[in-house]
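What Swiss-Prot lists as active site, proton donor is His106, Cys707, and the listing cites similarity to another entry. Here Swiss-Prot flags Glu673 as active site, proton acceptor, drawing on similarity to another entry. Positions annotated as (6R)-10-formyltetrahydrofolate binding site by Swiss-Prot: Gln88, Phe89, Ile90, Asp142. Taken from Swiss-Prot, the feature NADP(+) binding site applies to 571-573, 597-600, 630-635, 650-651, 673-674, Lys757, 804-806, supported by similarity to another entry. The domain 'Carrier' annotation in Swiss-Prot covers 318-395. Sequence annotations record features per position, and here Swiss-Prot assigns phosphoserine to Ser9, Ser629, Ser631, Ser825 based on a large-scale study or a structure entry. What Swiss-Prot records for 1-310 is region 'Hydrolase domain', and it gives similarity to another entry as the kind of evidence. Taken from Swiss-Prot, the feature region 'Aldehyde dehydrogenase domain' applies to 417-902. The feature site 'Essential for catalytic activity' is assigned by Swiss-Prot to Asp142.
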Amino acid sequence: MKIAVIGQSLFGQEVYCHLRKEGHEVVGVFTVPDKDGKADPLGLEAEKDGVPVFKYSRWRAKGQALPDVVAKYQALGAELNVLPFCSQFIPMEIISAPRHGSIIYHPSLLPRHRGASAINWTLIHGDKKGGFSIFWADDGLDTGDLLLQKECEVLPDDTVSTLYNRFLFPEGIKGMVQAVRLIAEGKAPRLPQPEEGATYEGIQKKETAKINWDQPAEAIHNWIRGNDKVPGAWTEACEQKLTFFNSTLNTSGLVPEGDALPIPGAHRPGVVTKAGLILFGNDDKMLLVKNIQLEDGKMILASNFFKGAASSVLELTEAELVTAEAVRSVWQRILPKVLEVEDSTDFFKSGAASVDVVRLVEEVKELCDGLELENEDVYMASTFGDFIQLLVRKLRGDDEEGECSIDYVEMAVNKRTVRMPHQLFIGGEFVDAEGAKTSETINPTDGSVICQVSLAQVTDVDKAVAAAKDAFENGRWGKISARDRGRLMYRLADLMEQHQEELATIEALDAGAVYTLALKTHVGMSIQTFRYFAGWCDKIQGSTIPINQARPNRNLTLTRKEPVGVCGIIIPWNYPLMMLSWKTAACLAAGNTVVIKPAQVTPLTALKFAELTLKAGIPKGVVNVLPGSGSLVGQRLSDHPDVRKIGFTGSTEVGKHIMKSCAISNVKKVSLELGGKSPLIIFADCDLNKAVQMGMSSVFFNKGENCIAAGRLFVEDSIHDEFVRRVVEEVRKMKVGNPLDRDTDHGPQNHHAHLVKLMEYCQHGVKEGATLVCGGNQVPRPGFFFEPTVFTDVEDHMFIAKEESFGPVMIISRFADGDLDAVLSRANATEFGLASGVFTRDINKALYVSDKLQAGTVFVNTYNKTDVAAPFGGFKQSGFGKDLGEAALNEYLRVKTVTFEY
């Protein structure tokens with residue numbers, strides 16, 4: 001058909017393009033005149049195609065159609081007029097001229113909401129159903145016969161923009177094309193509009209959009225969302241006109257803490273909170289507004305209403321200045337009437353419209369590859385200077401999400417100044433615990449107090465879980481792409497690397513870790529872990545599955561891997577940062593949010609990590625850190641109904657209790673890495689030098705505070721005495737001392753209670769008849785130092801043969817030469833199964849032993865060789881679930897099956 005398109009906007013442009021793709025001939029386009037030198041998108045598109053474009057400011061004069069306009073229209077020979085979006089009054093001489101007449105798109109379910117602000121009134125009235133109508137134009141106001149209608153559900157927090165973008169725009173384009181197709185096929189109906197239910201409302205303007213506070217909260221919410229963006233619902237407060245945007249109903253019934261905002265005429269003062277502005281209806285129910293436009297036109301976060309201009313002005317680098325000038329050129333192209341774009345140039349006051357916002361965002365994103373920029377950012381920073389500041393903060397990963405006031409504890413140590421946060425980290429802020437509760441964290445090197453650390457209470461856990469839940473369900477974390485999530489994790493790993501000396505120093509101070517080992521392992525492997533899982537973010541995928549078809553129809557079945565939600569991670573004290581990283585990296589890569597409970601005795605690197613997440617741009621609430629006791633914080637996380645997964649590393653006894661709590665509370669998913677008594681079998685045909693070296697490492701690595709430490713060494717009889725002699729010789733060479741000294745081999749045990757348990761453990765071994773070859777006592781110096789210890793003649797029934805020391809205690813037992821199956825039986829005669837090892841030159845023996853050992857990891861001619869890509873986790877009462885490797889992702893994902901029939 002020959003079609004004349006009459007209208008404007010991106011919607012009109014899309015309808016025009018789709019009609020041409022359908023094979024229709026668009027003989028002419030009638031649109032609005034250029035505004036401030038900018039042509040409407042519909043006209044621009046048609047001009048590119050060589051289609052005649054007419055830009056009339058009016059079609060009539062004194063109630064009569066302009067003859068020249070009518071003549072030019074009639075010369076086109078159109079068979080149908082299509083009006084996808086038209087703000088002008090078109091004379092009936094034009095409307096009725098074509099053979100098929102004219103069809104009009106209207107964004108409501110006619111006869112309801114006739115008039116120019118139909119979408120606004122759909123929301124203002126709280127309609128549960130919305131949609132659009134395509135009708136045959138007549139001489140009435142939206143009263144013509146219906147050709148086609150489509151409806152959708154109106155969501156409780158829909159705004160004009162969300163409803164338009166989700167349904168009215170994409171489905172409306174399809175609807176217009178379908179309507180034209182029906183006309184071309186001679187199948188288009190003409191259904192008279194019913195009079196029942198017909199309404200007409202006037203156009204919404206700024207002067208009519210003032211909020212009436214004497215109505216329920218839901219009605220106020222509907223008024224605000226119905227006027228969202230244009231014209232904007234407003235009120236007077238603080239001696240200025242405030243316009244509210246982005247409203248949601250608050251159904252929790254709890255009024256958050258905040259600052260009162262008196263509003264004349266309101267039932268109660270508003271409350272400015274961290275989440276936004278709480279408003280009240282006359283029914284005492286609440287709604288939350290997230291954005292406020294001030295009288296000068298500046299848009300701010302409602303939560304910042306009383307903060308003023310809180311952000312300092314950034315000094316731009318040379319590269320950033322180049323980017324700023326490139327962005328200035330983009331502004332100049334969009335704002336041709338502005339002679340020179342200056343820092344004070346306001347995008348909207350210079351004539352920009354909403355379509356220009358889209359163009360600006362897309363051009364800047366193309367200019368700055370990987371940038372996360374949304375339309376809302378332009379409204380929040382409408383002057384060029386503010387926009388550049390916002391842009392640079394985002395590019396640095398130091399935007400608003402990263403701004404936080406931190407009360408540091410500073411110490412001059414290890415030839416540097418370390419700065420350590422010491423408060424709880426909840427919702428992106430460092431805060432005191434409920435009741436200002438604190439506990440001391442102790443330096444195990446000398447027993448001195450490092451600082452007071454906030455001690456989380458049950459109410460703090462609830463706040464942290466609520467922050468994590470909100471970040472997961474409503475925050476930016478769940479909206480960004482998986483690739484962008486990976487980019488943030490890479491940035492976090494880079495920051496950890498930049499701060500690795502500081503992190504390693506804190507590990508030495510707080511946990512007694514030998515500094516050189518902390519650099520390589522505690523911190524180094526943590527960095528590797530985040531980089532490894534950052535790479536997995538955009539590779540988490542489901543599969544398609546062939547199933548039996550429901551003949552004569554067909555089926556398609558697919559699976560999706562989804563994050564589980566809020567996760568609680570409870571970490572031990574032996575590797576404070578590394579254990580955090582092993583679990584948290586996989587958890588975040590899967591798209592979850594997290595509440596981390598570090599061990600009460602070693603909280604400081606976890607809190608430093610929290611600070612780095614802010615600097616990396618991880619959105620607020622995604623990561624929360626709660627130092628505190630296991631009986632309070634760990635228990636509440638296990639019991640909390642909004643926590644969907646617990647990852648725990650610690651003792652078997654506590655792991656059993658956590659598993660029970662997870663089952664009783666809400667059957668939450670759980671993974672447990674628990675105790676161990678890992679056997680290491682050393683055969684006579686081994687490389688003895690290597691066996692001694694690795695045997696030492698298997699026990700004394702990280703002062704023996706190592707979950708996979710070899711809890712018992714089985715040495716073949718013919719090399720037993722020589723092995724023991726060499727081990728004792730090496731032990732006597734070990735330097736026990738300050739973990740910050742570069743030549744120290746062996747630092748202090750983690751805390752005093754653990755030191756006491758080690759002494760009791762050794763006393764137990766001596767009482768039962770084991771031979772104490774060396775060590776077994778506290779080192780006579782300040783701090784929690786324990787001598788590297790070696791026991792021999794350990795029999796299977798003894799306490800030290802069965803129980804884990806979790807310290808620098810080597811337990812050696814003999815086995816008869818060639819008695820392979822007997823030693824395997826003894827090695828497996830434990831309820832633990834975390835790790836194991838074997839030293840032999842015989843590959844057949846190595847393979848046989850690795851098959852038979854009942855442990856999650858078997859080391860052959862090595863020990864402690866973990867890697868971020870290799871799954872880690874135990875069997876039996878050493879727990880279940882995996883850290884590291886691809887397998888770890890499954891601990892933090894759920895699989896959904898979706899089946900289609902067609």
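Along the chain as shown, residues are numbered 1 onward.
Backbone N, Cα and C atoms are what each Cβ position is placed from, and that goes for glycine too.
Predicted, not measured: the structure shown is a model, and the values here were computed from it.
Compute the center of the Cβ atoms of Gln88, Phe89, Ile90, Asp142, which mark the site for (6R)-10-formyltetrahydrofolate; besides them, the chain residues with Cβ within 8 Å of that center are Leu83, Cys86, Ser87.
Considering other CB atoms within 10 Å as the measure, the emptiest surroundings among the binding-site residues Ile571, Leu632 are those of Leu632. Relative to Lys597 (NADP(+) binding site), the recorded positions with Cα atoms inside 10 Å are Ser629, the candidates having been Ile90, His106, Ser629, Glu673, Ser825. Sparsest Cβ environment among the recorded positions Ser9, Gln635 (other Cβ atoms counted within 10 Å): Gln635. The two recorded residues, Ile90 ((6R)-10-formyltetrahydrofolate binding site) and Gln600 (NADP(+) binding site), have Cα atoms 74 Å apart. In this structure, the binding-site residues Gln88, Gln600 were compared by how many other Cβ atoms lie within 10 Å of their Cβ, and the smallest count belongs to Gln88. Taken residue by residue with DSSP, Ser631 (phosphoserine) is part of a helix. DSSP places the residues of the domain 'Carrier' (318-395) in helix, strand and coil in these numbers: 49 helix, 2 strand, 27 coil. Straight-line distance linking the Cα atoms of Asp142 ((6R)-10-formyltetrahydrofolate binding site) and His106 (active site, proton donor), rounded to a whole number, equals 8 Å. Among the recorded positions Phe89, His106, Ser825, none has a Cα sitting within 10 Å of the Cα of Gln635 (NADP(+) binding site).
Here the recorded positions are Asp142, Glu673, Glu804, and the one whose Cβ sees the fewest other Cβ atoms within 10 Å is Asp142.
Looking only at the recorded positions Gln88, Phe89, Ile571, Glu673, Ser825, the one with its C-alpha closest to Ser629 (phosphoserine) is Ile571. For the pair formed by Cys707 (active site, proton donor) and Phe89 ((6R)-10-formyltetrahydrofolate binding site), distance between Cα atoms is given as 78 Å, rounded to the nearest Å. Taking every protein chain shown into account, His106, Lys597 are the recorded positions, and of these the Cβ with the most other Cβ atoms within 10 Å belongs to Lys597. Cα of Phe89 ((6R)-10-formyltetrahydrofolate binding site) to Cα of His106 (active site, proton donor): a span of 14 Å.
Recorded residues Glu804 (NADP(+) binding site) and Ser825 (phosphoserine) have their alpha carbons 19 Å apart, per Cα-Cα distance.
Put simply, of the recorded positions Ile571, Ser631, Glu673, the one whose Cα is nearest the Cα of Gln88 ((6R)-10-formyltetrahydrofolate binding site) is Ile571.
Secondary structure from DSSP puts Ser825 (phosphoserine) in a helix.
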